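Student: Could you have a look at this structure, given as structure tokens, before my questions?
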Amino acid sequence: MKKKLLILLSAVMAFSLILSACGGGDTAKPADPGTKVETPAEGENAGGTPAEGELVTEGTIKATDPSKSPANATARKDTVIVGMPAPSGVFHPQYAEIAYDAYVAETLFASILQVQKDGTYAPSLGNYKVSEDKKTLTFTLEDAKFSDGKPVTAEDVAFTFTLYYDKSYDGPTDAYAYAPIVGAKDYKEGKAQSISGIKVIDPKTLEVTLETPSVLSLDVFGTAGIIPKHVYGAAYKPGDLSKMKDTFTTPVGAGPYKLEKWVAGQEVVFKANEHYFKGAPKVPNLIYKVTTEETNMQLVQTGDTDGEVNISASLDNVEAIKALEFADLTLNPTNGYGYIGLNHKDERFKDKKVRQALVYGLQRQEIVDGVYQGLADVVNVPQSKVSWAYTDEVNKYDYDLEKAKALLDEAGWKEGADGIREKDGKKFKITFTASTPNAVNEVLIPIAKENYAKLGIEFVPDQMDFNALQDKVKKGDFEMVFLAVGLTPNPQTAQGTFRTGGNQNDYFFSNARVDELFKLANEEYDLDKRKAYYKEIYQIANEEVAHIYLYQRRDTLTANARVKGFDVSPYKRFTFDTPVIEIQ
Amino acid sequence: MTTQVIRRLLQTIPTLIGVSIVLVLIFHLIPGNFVDSNPTISKERAAELKEMYGLTDPVHIKYLKWVKGVSTGDLGYSIQHKQPVTTIIDRYVWNSVLIAGVVLIFSWTIAIFVGVFSAVRQHSFYDGLITFLVFAVMSLPSFFIGLLAIKFFAVDNRIFPVGGMITTGANYEGWAHIWDVIEHMFLPVIVLTALNVGGLTRYFRTSMLDVIKQDFIRTARAKGLKERTVIFKHALRNALIPAITLLGFEIPGLFAGAMITEKIFNWPGIGSIFLNAINARDYFLMLGYTFFIAFLTIIGNVIADLLYRVADPRVRMK
């Protein structure tokens, strides 16, 4: 009996763990309903002192009294400690998947291009040129050395690129989809000893030939942390990368710092790389300390850390950081947005007028303010406002009940006897698939219910665990769903969501012009030309209501004012500032 | 005795097989997987990765592959950490064991003494006070007293560190390092002990009350033994026998990690790693670790059984 009970118990325990432990898609903190909602300040507030009572929602809020810095922090003359959630020990630029492993990899490894504040790429370890037919990329390298003193050569770059196309590579990069190199398929299938499309011209020059032009290839090649062949070569056998996994905790790169030690779940300790090609970093010791959301602010307060990347941008937290007086707080729009996805296969949502009515009839500003108390903007395009490709020359869809009603009338949805609209004998009832617990849904559902009732639409929420929701969406088994999505510096990645049959297009959105524009944009390297393509894409995505775009919230970077030189954006993370920061 | 042990161990095999089947089934059925959560890869690449990780196999093949690995001590490959599951467990579990072990010692010692005293003075003011305190502490959520303790002892008064296991940037060696770890253990140990001690106290109190009402205790007193000898030598020994079973169940608890407390005190234990694995649907880490705990539970049960027989001659050895 006891044994049976035990099996049952362990099964129940395991199951309840699964049920209780699932997080939502959006990690927003629930809003405090008692807090007064203030109007967001307009425009840039960088560095300026805001007027009394005005809420600064963007830019840097400077420390008011740096001398209040805790004594133990001020005593660290040659060390900067930055707090972040735990990296998992995958310190390899080709394998790092979670953000915190990527932070460590970015600190240890240098890449040919480096992302700028607006999401464009600038030369770093080298530069690139595109051939006339846009199929060949020529990379040239700066004079640079790895942290062991050996030079960075085109051989190392070729070695790095080759890894992505290996049969046994299981890192997060889908190199072939982004950068289809000539000969990569043969190499993967074991038909060739090397990739014919990668040619080392001389120790400083490398040529890569693609099957088709792809601007996305820059995301693979440009941002790949270059690994030295003389160190990692021994761990690589074509078709067998299992030994590579033993190198994760002993990384050697050409980045600003080298790894001193990693204590799992506690800290990553770096020493300045004296060979760094842009000059040795000014801070000799850098430590990434593992923090959790529960106490990351307290650690800044007690001086255990000099900075923190993961304090969630709620009004309470912003006020608490300001009250420290010695910390600079940078508020940036998060690199992503929240939206309501519509299933375009649904008969009702096939009608553009219905989709537009659903936007006009929804009080998006109220929802966003209710959740984020001013620390988020309503968005109308699927792009971050800091991106070089952003446009605001689109319809703003301000709340307009009458317009929404008129659009539904035009679409043939007439109000029935019970106040619910119907067409061809069918009632307008929307099932809204929502994850729980989720702070946004808590506010969105009651408002949407009321808003849509006014339009004569019955809005029925169906709440579930996030992974269950994701599963439903992947299977196309939904009508309307709330989700949030992350953005990358290259606007081209949005093709996954908006192109017909795209890997993330679970909404069956399809527009011939959008498909064409994405194809054109991917074959173009000129920023101005690409910008025009993306602008048109965003305008169509706005006009056609591919999604109901909701909000872009904020991220924070908190830094003790004794550390100067952080200049971050949603694209350019603090890791890129590590070579230039200084202790005052 | 040896045959006893062998027989008892052999009996665990069907249980383990049962547990493994249930676990693989449960984890097979839960929605979502690690690969699909990466938005930047194409459908072809996702299929390729799932194939590589063995996520596409039908459930019986999955099971057979996994069991084959487990029989050679290989619990699978953590997709998230890109390392064998055993490496990941080994990397983090000892930090959890350290905390749980110290908490176990403290909470048992305190619970035994408090339990005995409140049993001896049943219905006294002292007993009432203890009962009140025990229930008050037990009913507080751990994250609440954890955060409260941090606020009072680490932020407002800087007596203890806020969290973590070592002082970042200090690079202590030898005894300084050990003392540093002890200092970081104070708060989590106090909080976890306070939470654990409540239930245990009630347990020992009840068990002690049962014993001191028995005839042999009256006999002992009648013999003219000192009260202290009666309570600690005659009564407590007998009252502790049922506790052996309880101790057996504590064995998996040592390795399970305290998820909430680890997060609050930033303790680098296995609890938070497991929680992340569930959220990220790191299939084999979830499976491997749950199985590891199930295995320890069964083993703990066997050990308790055997110890029980040693401690109490009345339990017949068949």
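The backbone N, Cα and C atoms fix where each Cβ goes, and this holds for glycine too.
What TrEMBL shows for this protein is this:
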- B:93-308: domain 'ABC transmembrane type-1' (DOMAIN)
- B:12-30: transmembrane segment (TRANSMEM)
- B:92-117: transmembrane segment (TRANSMEM)
- B:129-154: transmembrane segment (TRANSMEM)
- B:185-204: transmembrane segment (TRANSMEM)
- B:239-260: transmembrane segment (TRANSMEM)
- B:283-308: transmembrane segment (TRANSMEM)
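Map the listed features onto the structure and describe their local environment.
Tutor: Same-chain neighbours of the transmembrane segment (B:185-204): 98-100, 102-103, 106-108, 110-112, 114-116, 118-119, 130, 134-135, 137-138, 140, 142, 145-146, 149-150, 153-154, 160-161, 163, 165, 239, 243, 246, 258, 261-262, 265, 267, counting only residues six or more beyond its ends whose CB sits under 8 Å from a CB of the stretch.
Here the transmembrane segment (B:239-260) has Cβ contacts under 8 Å with residues 92-93, 96-97, 99-101, 104, 112, 116, 142-143, 146, 192, 200, 203-204, 207-208, 210-211, 269-275, 292-294, 296-297, 299-305, 307-308, 311-312 of the same chain, all six or more residues outside its ends.
Same-chain residues lying 6+ beyond the ends of the transmembrane segment (B:283-308) with a Cβ under 8 Å from its Cβ atoms: 4-5, 8-9, 12, 15-16, 19-20, 23-24, 27, 33-34, 53, 55, 66, 70, 75-81, 85-86, 88-89, 241, 244-245, 247-252, 255-256, 270, 273-274, 277, 315.
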Student: What residues elsewhere in the chain lie close to the transmembrane segment (B:129-154), defined as a C-beta under 8 angstroms and at least 6 residues from its ends?
Tutor: 114, 117-118, 160-163, 187-188, 190-192, 194-195, 197-199, 201-202, 258, 260-261, 264-265
